[in-house]
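K.L.:
According to Swiss-Prot:
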- 229, 233, 269: Zn(2+) binding site (BINDING)
- 230: active site (ACT_SITE)
- 443-862: region 'Translocation domain (TD)' (REGION)
- 458-547: region 'Belt' (REGION)
- 863-1082: region 'N-terminus of receptor binding domain (N-RBD), Hcn' (REGION)
- 1083-1276: region 'C-terminus of receptor binding domain (C-RBD), Hcc' (REGION)
- 1235-1245: region 'Ganglioside-binding loop' (REGION)
- 1252-1255: motif 'Host ganglioside-binding motif' (MOTIF)
């Protein structure tokens, strides 16, 4: 529904409808009622300034009152004309909000989000209509005084700005109560303070891309985004999910490190900004906030069911109306008794909308405007714009007017390109400064060496102690310990298109009868002043270096110097880190050749700033920018001065001024009640512990990502900002010198070359933009490298210690209860050992769906791709090398391509050969000294069980090189030198009885070689074996690689290989996992072998937790039956998967697809359905929150809801599984928990069931199902 936005003039008279006089006691500036305009339902605009200070003043204060930049103008909104402009400006912005679907939905949420009539102190059976958190008094001037005549219950009041015009806020109206309804689900009305004509500015310095035409620059925020940001705070307040102020990130402030003395950054702000910065809040805390909100909403639903009274009692006739209003607001359902209840799916959708979808990052993408990349982005001098002028700002385009070409690169927001964006007077701006002073001797301090740095020019680095430490606490595990799983990933399109917000909501009349509210006497707030900070340093740091590069005002004789000290001592000298530039600039114009001189100067500068270096010792980054060191004097005293050498020696941590060494505290231990004596409770405790172990790994990874985003990336981004400043200062000096020389130039061509001179100066900005792209790439690679190389190994090391302790405790628990657990001891120990066999991979995309972070990681991944010297891919049904080196690839006639996956090939008979001849241009050192080989392989059972040795990949000539062999279920990598001395790596991949092996399954093999160290063998990203190879003699590598099975005579002996790559670098463990994640195709559901699961194909189905049993019908109910022969996988009743949406026959099944399962039974097909009758966990029990349903067969193959399932991919190192969900009557359940005979009435078999409390089962292996297809590689 689109709510119309009404037009008003400030001079319009009060009308007892949508123009009223309201008394706002929170505003200490105005003690009389103020004129208010309802521009759309429940949203009022009051064109007045606002202050809650005890002694309010709009004048510029003597000292900063904000740690951010402040701007003061006491005359703003002092006239009716200005108030009219403000009113119409807000109206125009609301009309612009209504231009997009996301904006319409925002307004809709605000309109129907009236705060609850009451709070936690209100009796649970009562609506209280006298609360100041919901009501505003309406007054009229009668008989010489103001009198209250009515009330209104608005959602939002929009005032003009605070004394600091740049301080946009959305505050609450509280009555001195101890609790806060905005935190407790009830909600409160919201008061906004905004100034839409005054615009914050930011730079795109840290963005991934910028135009080579317009270059990087300073941009202003679109006022519609600034307003929507504050309205999102209002949403959180109205819906009672506002986050308390103690949930925040504190800045790290220390004597020896330069970071912002900034305010605490509230979680509320990070949610409202959205995007990448939300990931700073650890997942565990985000889940807790959601659970808290869910609990509050359940309490409110309970209240609604009990309410039968009102305050005042005369309003009792309104009970049903307000019950309807609040049930629509919270999206409650009614159960079969007519009571209001929370629908979990609807709650999740609403909560996701309010906390994820409604955010500044999403708004800016939907309105196609330029916006700051991070919440911590640096702000610059604000600007002013007349947004009422359609020649400047329109409802459709904002500042980026198409008719002026301002839509290109958002140049309408570019303060250098759009003359309508007027810079504010710096005299009215107040900044907080850090005074930096050079300590001349140990005890000597000289103020003449001090410089002043704006607080917002320092990086914001979070205090690590302000990031949740809960994962480091000890935890007691019982049979009742649950894992709460909630994903805050969201689909924007689904959110915009869904119909969750009521289409025709119940609406209250704007003007309501007076309810005689108690007077609200709120005390004013005391103004807090901040003082500048002084810090002493022992050397000229980056702030001194930047200061030395600034151009002084009114200097007539500019010279460049390569001495920082000299530049700091003389106003006419500018420091440059480019000696050749200083020489050319200082030489000046010779023999009247002005244009030649100017061209030489510009060319020297632009050539130097585009330089990049590569160092063989650095494998972490593709290039380095050598002049960053002399531009900013980065690094410690031992390494300062030689940036390249320092970087090669110390790595990326060398760039971090503060806290370069990442540390992780010891993880808390899991403990168990040793007194447990019930068999089922012990088993359940073990299962819960394994689930909690997985959660501990995920929480630890999330904690690491939070630290990286809030403590590391902010420091790296700060280098970007400083380098942009540095290059801009250099360009300013060059421009000023060109202007001075041009002013003195008296040549006859002076006027003719004027435009060329201007073009030269403009070209500096373009080249700075290109240089910044290189710098950004370098800095981003450094940041990601720090995550993967400095942080991840330490986290995994601590997790491995935690695993060792936990596994030991679990085995001890089983051993100490072996009598009670008779018959289950071996199975439980095997399950524990298997669970702890592999570490959980770190896939950063599991912790964020932010597009910017994905771009950064993909860029890092591309640097891995850049090192490929062979990459076999299928193009137009031919196997070719796509590495760029164009190796010759010859495929034998009998080789089958693209048999299972796009880039695979099948080898069977001895005549099947693929011969690859590498490009001769590949350097010897590049292919061997640091090299890696990776590929996916699938080896048939008969080839595995053979006792012969088969060479399957061979690159040995004249007794030297490498090869890959198979023998007795082992895969062996052999590296051999010219003297036939060799080293080998061996991995046993053969099938075990517990189905944990790799026979005939796809698995990922990586071998890395380093001639000065080790060669290593990885399987699915896990290091399995390493061997020193530095004692080998010379290894001559053949440029020919032959794929084939030597001496093969059995037609059932075959193998498949896909995605074969050779890299000219030693891939790290993190690199390998990135390649693995990029090739595993998680969106494609896999069968037991790792092949794509397909529709209209027969499968045998087994449960991962009960691999010794197959699924079969018994009395029309599905049960698990013991295998008569565990080596026979093709046992039982085959299942065919059918598509609900008529997908192409035999097409791949994707993650989340809806499916129907048909089972062949007694030569007839049946549909598997979920029974509609509940099986109770204890016979005769009641179905409450833990309903259990059996699976059964139905002869009718129609498309019925109880037979529709959705499927989700589960991939775990050496097994491919799926989870299956049942959707029926809006009650989503997971097929999980094999219910054992003693647990309910089915006495003779283990039975698969559907359970409603599926959130606690998502990590349980009893919910993992495997589909076994008849495969040529497994012949029975």
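Note that Cβ sites are derived from N, Cα and C of the backbone, with glycine treated the same way.
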K.L.:
Between the Cα atoms of residue 269 (Zn(2+) binding site) and residue 230 (active site), find the distance and write it as a whole number of Å.
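P.N.:
Between the Cα atoms of residue 269 (Zn(2+) binding site) and residue 230 (active site), the distance comes to 10 Å.
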K.L.:
Taking the centroid of the Cβ atoms of 229, 233, 269 as the Zn(2+) site, which other residues of that chain lie with their Cβ within 8 Å of it, listed in sequence order?
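P.N.:
Neighbours within 8 Å of the Cβ centroid, excluding 229, 233, 269: 170, 230, 232, 268, 272, 273, 360.
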K.L.:
To see if you understand the setup: which same-chain residues, six or more apart in sequence, place their Cβ under 8 Å from that of residue 229 (Zn(2+) binding site)?
P.N.:
168, 272, 273, 360, 363
K.L.:
Near residue 230 (active site), how many other Cβ atoms are within 10 Å of its Cβ?
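P.N.:
Excluding its own Cβ, the number within 10 Å is 18.
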K.L.:
According to DSSP, folded down to helix, strand and coil, what is residue 233 (Zn(2+) binding site)?
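P.N.:
The three-state answer is helix.
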K.L.:
Within the region 'C-terminus of receptor binding domain (C-RBD), Hcc' (1083-1276) only, compute the mean pLDDT.
P.N.:
74
K.L.:
If you draw a 10 Å sphere on the Cβ of residue 233 (Zn(2+) binding site), how many other Cβ atoms land inside?
P.N.:
23
K.L.:
Looking only at DSSP and grouping its letters into three states, which state does residue 269 (Zn(2+) binding site) belong to?
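P.N.:
The three-state answer is helix.
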